[in-house]
Structure formats: C-alpha cells, structure tokens
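*Asks:* Features from TrEMBL:
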BINDING   ASP106, ASP366  Mg(2+) binding site
ACT_SITE  ASP106  active site, nucleophile
BINDING   ASP108  GMP binding site
ACT_SITE  ASP108  active site, proton donor
Amino acid sequence: MAGAGLRAAARRWLLCGEQGGPRAASTSPSCPGCGPPGPGAHCPGTPRSAPVGGAELSAHLWARYQDMRRLVHDLLPPEVCSLLNPAAIYANNEISLRDVEVYGFDYDYTLAQYADVLHPEIFNAARDILIEHYKSLLMKIDAFHYVQLGTAYRGLQPVPDEEVIDLYGGTQHIPLYQMSGFYGKGPSIKQFMDIFSLPEMALLSCVVDHFLGHGLEFDQAHLYKDVTDAIRDVHVKGLMYQWIEQDMEKYILRGDETFAVLSRLVAHGKHLFLITNSPFSFVDKGMRHMVGPDWRQLFDVVIVQADKPSFFTDRRKPFRKLDEKGSLQWDRITRLEKGKIYRQGNLFDFLRLTEWRGPRVLYFGDHLYSDLADLMLRHGWRTGAIIPELEREIRIINTEQYMHSLTWQQALTGLLERMQTYQDAESRQVLAAWMKERQELRCITKALFNAQFGSIFRTFHNPTYFSRRLVRFSDLYMASLSCLLNYRVDFTFYPRRTPLQHEAPLWMDQLCTGCMKTPFLGDMAHIR
C-alpha cells in the first residue's frame, strides 16, 4: 500500500509539472492530478491567482516554496528509506545468466576481498621506502587518509575553485589529450581505479603536502614516479603477500561466501577459470584458506602472473606450466588442463585452446581498465565489476537524511527553474535565497559520503568519470562476489531505464518505483 501511495503521489507530481518547462497537464484551478484542493491546500503545480508584484509576488514565491515542502514531506514516509539492498547486483546492460556457460575471475579484491587494515600497512611500507630514498626530508610523514578523487587538492589542502579554473585557462574542462590513455594513464593525469590505489593517493598527497609545508622545491613528475615506484616495490618485494599469508583471518574477508559461489556454479555445470597477476604461492595459500586444499578442482584453467592488461593484447608471451613445487617448465603448451597451473600467456592463445568466446563468458574483476575494458570492447565477453565501496554508499543512500536532502534539493531545483521568470528586485532576493539553500543541500549530500570528495559515483548531479567508465566497461556491478548467491543461476538482469534530458521528467517516478525492481527485495531483507 505504501508503494501504491508513493506512485500516486509521484503521478500527481508529474501532472503538476513542477520540474520545469511548459506543462502538459491542465492549468485549471482544479488540478487533474490532485483533484479539488481542500481547505488551505494548494497544488504546487497549479497557478495561484496572479500576483501583482513586489511584496505580494515575494509572498507568492514563498507560498509555492511551502507547498513544495509539504508535498515532498508527504512523498517520503519512513518506509521509503532502505529500499536499496547493498547485497544486490546492478545492471548496465541486459544479461541473462542462463546464457553464461563460463565464469572467469580475477583474484585480488574479486575472489579474495581484503580488510581495510591492509591499506595503512601498504602506505607505511611505501613511506619507509621513500624515507630511505629521501632520508631526512620525509621523516615526519606518518598520516594515512582515506581519500577519493572528485575535487582538486594540492597535498592535503583543497585548491580554491578560482585557481583550478585559472589553471585550466578559465574553464573546468580537462583536455582530452591529458587523460585519453586507454588504460587511464594520460600524459599528465592518471586515473586511480581500484582499492589498491588508496594508499598511493594518500602517500602522494602527504608527500606533496610535506614538501609544500616545508618550502622544499621538487619536481612533480619525478616525485610522482618515486611514490609510484615505492608502492610498486611493496608488491614486487612481496611485502603485501607476506602480511596476508601470515594472518589470513585478519586480512581476508568472506572466504566462505567465495567458496559457496564457486561450488554453486560448478554444481550447475558451469566452467570456471582464474586469471590473476598474483604469484601462484600467494594465490594457493589464499585459496586453501577460503576453499580448501582441493580448490584447483573447481577451476578448468588457472593462470597466474598473467601481466594484465597486456595479457589481453600482447600475442607474444607464451603459456608456461608450473610443476607442483612452483618451478617453471619450458614445454610447449598445446592444451590447458584442469588442475594444472599456468603462468603468463596471452588471451589469444587462451581463446584458441579453450574456444571460450563471446557473450557466453562472464569475467569478474575489480579494475575497470586492467580487468574489464579489453574483454568487453575488443573480445565481446560479458563483464562484472566488483566495487567494494558500493556497499557503504548504498547504506548511506538508504538513510532518511540522504533521502530527504536529495529529494528536497531536486524539488527546490524545479522551483528555481520555473520561478526564474520573476525578475523584479524582491523576487531575485527570494531566488538568491533558494540558490543558497540549494548549494548548502548539495554540500550536505556530498559530505554524507566523504567530506573532501563526496561519492565515487557522482559529482553533485553528474556521474563521475569513474562512474562513466563503469557503465562503459561492465555489464554488471556489485559490492562483492557473494552477491551472486542472492540470484538464481538462470536469472536475467535488466538495467533500469533512466530518462534522457528530453524525455519525461521521471526522476521522482524512478525514486518511488525503480528501487522496487531490485529482485527479491522482501526476501532479501535479512541479507547484510
């Protein structure tokens, strides 16, 4: 009943046409969407008697404002919150699991999800490498910050908007050539696309802040390279692998759920394969922890140290087999055998030897470029992105504070759009007050996600660059692989229809009904 009431209210909203532009609904005193108004009530989409001007016009605008406040309050009863399920899977493209015969997986942050305590350790180890390189210059760098891209910072200090605009020649536009590298590495801008990037971003910010704070001159390109090399050394020298291997209970999350996903797929006759950049000894210990000693029997093919993303494009590297001790064998590979471990290789030989091609293959990974881009754009596989931050963002979206702030912000924007026709002095004061309130609401909703950078998916009302790449490179996205357990193996995912700017303003209809398309919403309420 609550859902029906919301939909009725949303239809009333649309008939009233408050979102701006010429209204298609009737403009008679008795609005067809709301019916005859009761005592003291007024439909915010139906004109009141025409105001003369001055104080009367100002009062008219504030009356419309209060009408809209009441409508938004009525549209959002308490049960409207918590509609989105953090354990759901979200679709960018229509895809039926019935058609998927082969499932592929990355390892780090896909099969194995790591606890946040890993990030400060990567940061500290890379910091120590830099300290050894720069000696006393960096001895005071000791902070770790969870930061996300979205706004401009120099070190740890925000760059004023005016300066950002000045840096880019009087505009906020970043030239395409600076960020057009296919794997997110333009000549002057690098896109950070996975969880492993957090320590690197934090360390780079802290180092720059330290140099600026102490008046030290530095070459930005060289400093960035040194930070990148320090983070890389943490991986190359095996430090991260050592930490995780020594205490898997501390670092690896949801191992039992990973085992459940893999076992379920095998039980339904699906083929599985693993392609990871991590070394076999590390993967083996992690999989034994999550799945058991016979984990290799679940996979038809296991490839380690694959060197993605060049694995997907470079035909030159051959497959090599590893023996039971992990030693490299030099025999020519003519077939990929179940239970065996292979190193490096390339996708073209993989396709030739397995004949797993096109949309019957679904591959999961956490890095949009290194894992998914080539597979979708060049090879026609279906792809699934693992976005651990999604779970937290959905929990924030489900809060009453977020829902009310966003809905009132949207309604206020509609008022501004329609009422801007009034341009006398007192009306402009009212509109300025509304603009100020709208900006405050935008800052509030942004800070709910991250005080410095906001949501990883939106910059105010626009999708972030990451969000646009996510839509382009993935058919599905989810917080963790365990979300698959909430769906049948023949389930069909349908993307939600989002209106284009020239289509009917259905944002409120999306809010009231779109969330209810989440499958098994009632049955899944118990899932975290």
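Each Cβ is built from the backbone N, Cα and C atoms, and glycine gets one as well.
Give me the structural setting of these features: burial, nearby parts and distances.
*Replies:* Taking a C-beta cut-off of under 8 angstroms and a sequence separation of 6 or more, ASP106 (Mg(2+) binding site) has the following same-chain neighbours: LEU274, ILE275, THR276, LYS308, TYR363, PHE364, GLY365, ASP366, HIS367, ASP371, ILE386.
The C-beta environment of ASP108 (GMP binding site), restricted to residues of the same chain at least 6 apart in sequence and closer than 8 Å, consists of TYR114, PHE196, THR276, ASN277, SER278, ASP366.
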*Asks:* With every protein chain in view, how many other Cβ atoms are within 10 Å of the Cβ of ASP366 (Mg(2+) binding site)?
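*Replies:* 23, counting other Cβ atoms within 10 Å of ASP366 (Mg(2+) binding site).
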